[in-house]
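What follows is a set of notes on a single structure, which appears directly below.
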Amino acid sequence: MLQQLQQKYANTTGISFSQSDSGLTFIHVANDQAQAKVCVHGGHVCEFQPIGEKPVIWMSEDVVYKEGKAIRGGVPVCWPWFGPHSTDTSLPQHGFARNQHWTIAHIENRANGQTLVELILTETDSSLAIWPHAFELKISIVVGIELEMNLTSTNTGDSPMVVGGALHTYFVVGDIAETEITGLDQTVFDDKVSSEDQIIQKGGVLIDQEVDRVYLDTDTTCVIHDGQNDRNIEVSKSGSHTTVVWNPWIEKSQELGDFNDNGYLTMVCIEAVNAGNDVYELQPKQSCSLIQRIKIGN
């Protein structure tokens, strides 16, 4: 597998491949604008770092790369639902796409210096057993000064299907105590920690405890103001009217076996989400896209 990929893309400048000890395949992208790392398992972006900048994407120091297991950190693809299934909580949290082996469909360097990586997932016997729909799920990852991830769902079956999900992005910050997230002022959110609903955000989001908030009816750009690293990370999106902000804090991170104990101090998740009423019902041959764009701002 690795040798075949290396031969196929030998003439594609800046593209290389590696494997974990457990056999997972990684695509490494390096161009004049940025570098990135993508795991074929899960269609999962693990690294993004513009030239001259510190890493933007957070990965757990205790991450486990294993077939069938979700990867802690990076950009998990939650699909075809976000969180617990709406009617059957025995089904996998965040769906099944993040635990599946995807297929590399296309890699190319663009004339503008960016690099495009496309991976595809289609139905399998195991997916049909829990979600009886034929589909094509494609993630198009554009690596440049900005990172763009476009998750496109297509109904390839003959009956309607409802699609939710998320790009569950983990961001690096220097110190969560010196971090503020703006762009959500006056936005209504549901608090999953306190179980309170319909709270109105006042000012920027500051994190000094466990935070799990679902911001509703919002498509605005969020900005992570990272005081320790003296930088702003701009997080924009389309195809989503739900934004989730998450930090597990002390106790929750200790409960997660693949989350290093102090990791909560240097990360925050800003997630582009389709959940609740913000989902798509796709008729046969219909498609929808969920897009997140990330760049270092002024």
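Each residue, glycine too, has its Cβ placed from N, Cα and C.
Lifted from TrEMBL, the feature list:
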BINDING   Arg72, Gln93, Arg98  substrate binding site
ACT_SITE  His168  active site
ACT_SITE  Glu271  active site
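Locations of recorded TrEMBL features on the structure.
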residue	record	DSSP (3 states)
Arg72	substrate binding site	coil
Gln93	substrate binding site	coil
Arg98	substrate binding site	helix
His168	active site	strand
Glu271	active site	strand
> Using the Cβ centroid of Arg72, Gln93, Arg98 as the reference point for the substrate site, which residues of the same chain not in that list have Cβ within 8 Å?
Replying inline: Ala70, Ile71, Pro76, Cys78, His94, Asn99, His168
> Which residue, out of the recorded positions Arg72, Arg98, His168, shows the minimum number of other Cβ atoms inside 10 Å of its Cβ in this structure?
Replying inline: Arg72
> Relative to the Cα of Glu271 (active site), which of the binding-site residues Arg72, Gln93, Arg98 have a Cα no more than 10 Å away?
Replying inline: none
> The record names Arg72, Gln93, Arg98 as the residues that bind substrate; what is their largest Cα to Cα distance in Å?
Replying inline: 14
>> Please report the distance from the Cα of His168 (active site) to the Cα of Arg98 (substrate binding site), rounded to the nearest angstrom.
In response: 10
